[in-house]
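Taken straight from TrEMBL:
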type: DOMAIN; residues: 34-294; note: domain 'Gcp-like'
type: BINDING; residues: His111, His115, Tyr131, Asp287; note: Fe cation binding site
type: BINDING; residues: Tyr131, Val132, Ser133, Gly134, Ala135, Asp163, Gly176, Glu180, Asn259; note: substrate binding site
Amino acid sequence: MVGITLGIESTAHTAAVGIISPDGTILADEKSIYTPEKGSGIHPREAGRHHAEALPKLITDALLSANLSSSDISLVSFARGPGLGPCLRTGATAARSFGHKLNIPIIGVNHCVAHLEIGLLEGATDPVLLYVSGANTQVIAYSNGRFRVFGETLDIGLGNGLDKFGREVGLEFPGGPKIEKLSEGPNLINLPYSVKGMDMSFSGLITSSLNKFKSGQKLENVCYSLQETAFAMSCEVAERALAHTGKNELVLGGGVACNSRLREMAETMAKERNATCFVPERSLCVDNGVMIAWLGSVMMAGDYQLSEIDNQVDQKFRTDMVEVSWR
Ligand code: AMP
Ligand code: MG
């Protein structure tokens with residue numbers, strides 16, 4: 001029987017610690033976000049350093065806010081990947097030192113699968129996940145023993161694309177939320193809409209949006225058109241995944257899923273095909289420790305057999321590499 005689980009997230013810019021009880025009650029959700037210097041992108045080593053400094057306090061704060069002591073924790077879970085090497089190693093080190101000190105099991109889990117499984121806390125049972133974050137854009141669902149990637153970006157993640165556009169037009173990091181605020185319709189500028197089979201491509205869309213801005217189009221109008229185009233592409237692929245798999249639940253995950261327009265579009269699409277759209281609250285859409293704790297807890301409750309590999313980070317730990325023994 002799995003007791004209370006502490007989860008550590010550190011794959012990219014967010015260092016986070018979450019605590020969850022076996023019935024899914026969230027007991028703590030603490031985060032600290034690394035912000036790159038003005039005008040630059042994320043620097044993996046600097047982000048890793050930020051996480052190394054932040055994690056001990058995040059663990060203390062999480063225990064305090066849950067009103068628990070470390071001896072109440074019976075499992076520690078961390079994100080093995082995918083992510084940036086220095087960031088992943090920092091989280092794994094924190095998990096190992098916490099776990100070894102308490103002599104409790106340590107489990108490394110897949111970050112993308114965690115975004116999907118948190119949807120089950122919202123009431124979904126077997127959803128298609130539209131996962132739109134900084135580095136990742138994937139449409140994922142469970143099928144025949146594995147989580148399969150039904151479609152994904154062929155170049156950059158949508159969030160990184162929005163951040164890049166933001167940086168070039170003078171918005172501070174992260175650009176996504178600022179683009180959302182600026183966005184103003186109803187005039188839709190024609191931008192490249194690249195869905196190729198079940199995959200998407202965003203870099204041409206970002207470049208083209210920048211060119212429209214440089215050639216004198218209003219920023220508000222470019223932001224609006226960029227959002228409409230990118231979100232329609234993502235929803236189209238998610239819809240086709242629902243159709244192919246015959247599933248009728250959609251879950252949104254990743255930082256970009258904080259966007260109200262994307263939420264609205266996904267809800268409309270789901271409704272039109274009699275599916276249910278589950279949208280976790282924003283603190284659970286962004287990278288967080290709760291989903292890492294939850295996935296570790298679900299895996300162990302499902303008799304997952306720990307091995308040497310569960311202790312090692314893997315920068316390229318793809319969604320479909322996870323052997324699913326807990327469903
Ligand atoms: P994550 O990698 O899941 O932590 O998400 C971070 C990404 O989400 C960044 O690229 C942000 O720009 C993006 N993001 C956060 N909030 C919003 C929003 N309201 N609209 C669009 N993108 C957002
Ligand atoms: Mg993420």
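A Cβ is built for glycine as well, from the same backbone N, Cα and C atoms used for every other residue.
Worth saying up front: this structure is predicted, and the values here are computed from it rather than measured.
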Distance from Tyr131 (Fe cation binding site) back to Gly176 (substrate binding site), taken between C-alpha atoms, in Å: 15
Taking residues Tyr131, Val132, Ser133, Gly134, Ala135, Asp163, Gly176, Glu180, Asn259, which bind substrate in the record, the widest Cα spacing (Å, whole number): 18
Residue among binding-site residues Ser133, Ala135, Asn259 with Cα closest to the Cα of Asp287 (Fe cation binding site): Ser133
Which of His111, His115, all binding-site residues, has a Cβ with the fewest other Cβ atoms inside 10 Å: His111
Chain-mates of His111, His115, Tyr131, Asp287 with C-beta within 8 Å of site centroid, Fe cation: Thr11, Cys112, Ala114, Ser133, Asn136, Gly253, Gly254, Met291
Contacting binding-site residues for ligand 1, chosen from His111, Tyr131, Ser133, Gly176, Asn259, Asp287 when the Cβ sits under 6 angstroms of any of its atoms: Ser133, Gly176, Asn259, Asp287
Inter-residue Cα distance where the pair is Tyr131 (Fe cation binding site) and Asn259 (substrate binding site), in Å: 13
Rounded Cα-Cα span from His115 (Fe cation binding site) to Ser133 (substrate binding site), Å: 10
Within the predicted model, mean pLDDT of the domain 'Gcp-like' (34-294): 96
Binding-site residues near ligand 2 among Tyr131, Ser133, Ala135, Gly176, Asn259, Asp287 (Cβ under 6 Å): Ser133, Asp287
Rounded Cα-Cα span from His111 (Fe cation binding site) to Ala135 (substrate binding site), Å: 12
